[in-house]
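First comes the structure, then the notes that go with it.
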């Protein structure tokens, strides 16, 4: 199986001591390409640097996560626009709204989100979106840009049936992570994933976060890695009632088309 991890936080400091080994384990597990998530002023340039160091294998998003929205100044906006002048940046984000933790004030989150949506309008690049406990406001902001945006993926979907169909009604894509494998929080996802059309479904680890709880034996460090994407595919395929090779092939084709990755 050839797999693409559309969301790996490879700039995270937990990978600083063994990043090359992590990438090799991913290759050995069938991961042929990865999109490195840029989610702050600090990490977006680092994601770009990794993509430049591994052309054709790593790509980057560039944006500011709602947790860091308070740092989204005019200077930050200029920095993000400069990053998006380069082809290694294949999507705008991670951007959106997060009312679960509220690490940045909600008005600041909405402003940062709107400014990054404008970057997507201006560049024509797809969106890598984050939404947690903010569905109503998230949809309202997105509607303000209706007709001007290109493709969008709601990364790490963990929401309700209503939220899923709201996204699908907009022709957005959906990213599924190891949250699916969490018997405490992800059981509802197992019932929802059969409703996602194959050409709207992509897979991601969100490493080093969200280690699938069904990985046995669990690594002692509890760090997630891109190599576990194959495990997510197996679980996802079972829930969708299809062969894992079919899930893998479809998600890989969808990711390549969405991000313009080539083969």
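Here the Cβ of each residue, glycine as well, is placed from N, Cα and C on the backbone.
Per TrEMBL, the features are:
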BINDING   94, 206  divalent metal cation 1 binding site
BINDING   130, 155  divalent metal cation 2 binding site
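Features as recorded by TrEMBL, highlighted on the structure.
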{"residue": "94", "record": "divalent metal cation 1 binding site", "DSSP (3 states)": "strand"}
{"residue": "130", "record": "divalent metal cation 2 binding site", "DSSP (3 states)": "strand"}
{"residue": "155", "record": "divalent metal cation 2 binding site", "DSSP (3 states)": "coil"}
{"residue": "206", "record": "divalent metal cation 1 binding site", "DSSP (3 states)": "coil"}
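Of all the binding-site residues listed here (94, 206), the one with the fewest other CB atoms within 10 A of its own CB is 206.
By a simple count of nearby Cβ atoms, those within 10 Å, the most crowded of the binding-site residues 130, 155 is 155.
Cα spacing between residue 155 (divalent metal cation 2 binding site) and residue 94 (divalent metal cation 1 binding site): 8 Å, rounded to the nearest whole number. For the pair residue 94 (divalent metal cation 1 binding site) and residue 130 (divalent metal cation 2 binding site), the Cα-Cα distance reads 6 Å. Spacing of residue 130 (divalent metal cation 2 binding site) relative to residue 206 (divalent metal cation 1 binding site) is 12 Å (Cα to Cα, whole number).
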